[in-house]
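S.K.: Have a look at this one.
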Amino acid sequence: MGETPQRSADAGTGGTRVTHGHEWPAGASARVAEAPVSTRTPGGAGLGGGGALPTARRFGAERAFRGLTLAAGTFVLAVIAAIAIFLIAKAVPALRANTANFWTFEGWSPNDTEPKFGIGALAFGTVLSSALALLIAVPVALGIALYLSHYAPRRLGTGLGFLIDLLAAVPSVVFGLWGRDYFSGPVTDLSIWLNTYFGWIPLFGGNGPYGASILLGALVLAIMVLPIITSLSREVFLQTPTANQEAALALGATRWEMLRTAVLPYGRPGIIAAVMLGLGRALGETIALALTLGITFDISFNLIENGGNTIAANIANAFGEANETGRGALIASGLVLFAITLIVNITARAIIHRRREFTESAA
Amino acid sequence: MSTLTSHRRSPAAQPPTLRAKRLPKWMPPAIALGALLVAAAIVYGTGLGGPVLVVVVGGLLYLGGLYAAANAVEGQRAARNRTWSALIHSAFVLAVLPLASVVWTLLSRGAERLDADFFGTSMNNIGARDPNGGAYHAIVGTLEQVGIATLITVPIGILCAIYIVEYGRGRFAFAIRFFVDVMTGIPSIVSGLFVLAFWVLIVSPYFSSTGRPGFSGFAAALALSVLMLPTVVRSTEEMLRLVPAPLREGAYALGVPKWKTILRVVLPTALPGIVTGVMLAIARAAGETAPVLLVAGGGAAINLNPFENNQSSLALFVYQQAGDASRYAPARAWTAALTLVALVLVLTIAAKLLARRNRLGR
């Protein structure tokens, strides 16, 4: 990304030290700052003008500052490691105490004298609600992003884009509150309608009550991640080189063909990054789902009946009355969530990293 | 291929002018109207549903009809163009509806309790039958927690970014960059659990007078700083890379050591951008509920000391009032939500305006 100015800076500084210009290759920037120091140390009475320069110190401000920044960098790595270590340390006792199978048991009662809890249903609910939310949100978000970048009048597009950016900053608890108090009504109606006419599909089966369901949770999640995905992909679409777009139009492409051949391929890594970021948000979303889902502990593909649960929502709901083992159990479930998001993130980074080499676009 | 063949074939059907045949202007609205009428006839005729279904079916019929009409008159490519354009526009409308509903609800319900009492009192001794009560304690909590988190995050974040951009080379710097990226995706609840496991359960007993683990606003600040750190590092890093190379070169040429160049030349140049990033990080942290719920506990009384005893925050206040059975609780929840959104939006708008004035640009 920004590597080029960096390199040119090094080359420039390398060139100014005329006398020793050949000793260091221009790219060896890390040594540029210390370079004058090390050359002046032996003897000091070297070439002309050396006496006017400050004398070098082995433990000077330069080294101290560098050490400070290095410490800050290492701190970040330490935090990540600490997250994993402390979560594992607190989770293991609870997992030992668990009398049921952690992976398959459908239920969550870690506070009993014989603790029983399983992650299966929670992990399933987490993945199902996030996947559903993305399935709904991504096409719409890309549509809006294209509208804002290529269809709307310039001024309207900028204004609405700013508005979408603002919506991306709205806290999730607000969406949760809205979903529970206002959106559940229309979703209940929709669920009843779906059940009446499409009840033969297992997804929409069951006999009620409807409302606080995976469908509501996923829709609220979708509305929540929509501004995030939109604002990121809009930015990527706006960065498409004008030359590419004009070339496509000059060859007689219609506007959609121009979008498909010039804008979308250029923005693909950015789109993937935006979607993955949205997925990360959806997987880790706590409060909006704790407010909208009807909490149950079974694995079911039924989307419209009251029920559904996710790892994060369960932590928020069950934390209040958790005892020692209960907390450990919740931390264990958090560890699983951490692992899921890590996998998603690392996959996304890998995809972006590999694609960038081909498309040379900013992701 | 298909474009070529269709081009070759079409001139025969075209008038000798250079213009391609186009759908008349009145045609799309006419199709829309027809689609709505047909949809209404189908839906009400079979008794399947209400007006919403009419709009949905009408939309689908419109798309189909538009494609068919354009295909007949203008050819396949133009028909595709029209259909996709209609789809993109409808995606926009589809998304604006719920978002507008959120904003409208927030404003109308939030205005209900927007009075001095709300901002001046806490929830202490407020029972289920009391209509008053306020969020003073929560506002104090949010400000203190976010403030401490900022104090922790900003120096570490900026130093880390300086390391990545100015000093770091090779595998180690790459690892730091990579894990900062990974850290961006850590769910807020996991960071809350981390601080719960690390600070509240293990470290805090040593500091508390009773020797037992205790919640505190400081723990919440720690959890928030875990969330803010990657944002601050990434935005600072981006800004540092935008600082023009000649500025650094000029400083080096004058014999200024590297650390002084960074502190006196590079950082001041990138400062507006860095401040923007920090403000966006603050805005995001202020809206987090889950970590505060796990490690600060939330309380009804005003607690000005962030290092001891439970503290609430605005987001947590919204969540707790939402779960409260009192019939006055929803109004409090919505007003607190409005306050929170106002706080976050002011920060975000200020950050964006600052970014716009930023000389470095993007």
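Backbone N, Cα and C define each Cβ position, glycine as well.
The structure displayed is predicted, hence computed values, not measured ones.
Not my notes, these are from TrEMBL:
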DOMAIN    A:123-348  domain 'ABC transmembrane type-1'
REGION    A:1-50  region 'Disordered'
TRANSMEM  A:67-89  transmembrane segment
TRANSMEM  A:117-148  transmembrane segment
TRANSMEM  A:160-178  transmembrane segment
TRANSMEM  A:210-229  transmembrane segment
TRANSMEM  A:270-297  transmembrane segment
TRANSMEM  A:329-348  transmembrane segment
S.K.: How about the transmembrane segment (A:160-178) with the transmembrane segment (A:210-229) - do they touch, taking at least 3 C-beta pairs under 8 Å (6 or more apart in sequence) as contact?
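M.R.: Taking Cβ pairs at least 6 residues apart, the transmembrane segment (A:210-229) and the transmembrane segment (A:160-178) are in contact, with 3 or more under 8 Å.
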S.K.: Short question: which residues 6 or more past the ends of the transmembrane segment (A:270-297) have a Cβ under 8 Å from it?
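M.R.: The answer is 106-108, 121-122, 125-127, 129-130, 133-134, 137-138, 141-142, 172-173, 175-177, 179-180, 184, 211-214, 216-217, 220-221, 224-225, 228-229, 232-233, 235-236, 239, 264, 306-310, 312-317, 337, 340-341, 344-345, 347-348, 351-352, 355, 361-363.
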S.K.: Do any residues of this chain, six or more beyond the ends of the transmembrane segment (A:210-229), have a C-beta under 8 angstroms from a C-beta of it, and if so which?
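M.R.: The answer is 125, 128-130, 132-134, 136-138, 140-142, 144-145, 164-165, 167-168, 170, 172, 175-176, 178-180, 183-184, 187-188, 190-192, 195, 274-275, 277-278, 281-282, 285, 288-289, 292-294, 302-308, 310.
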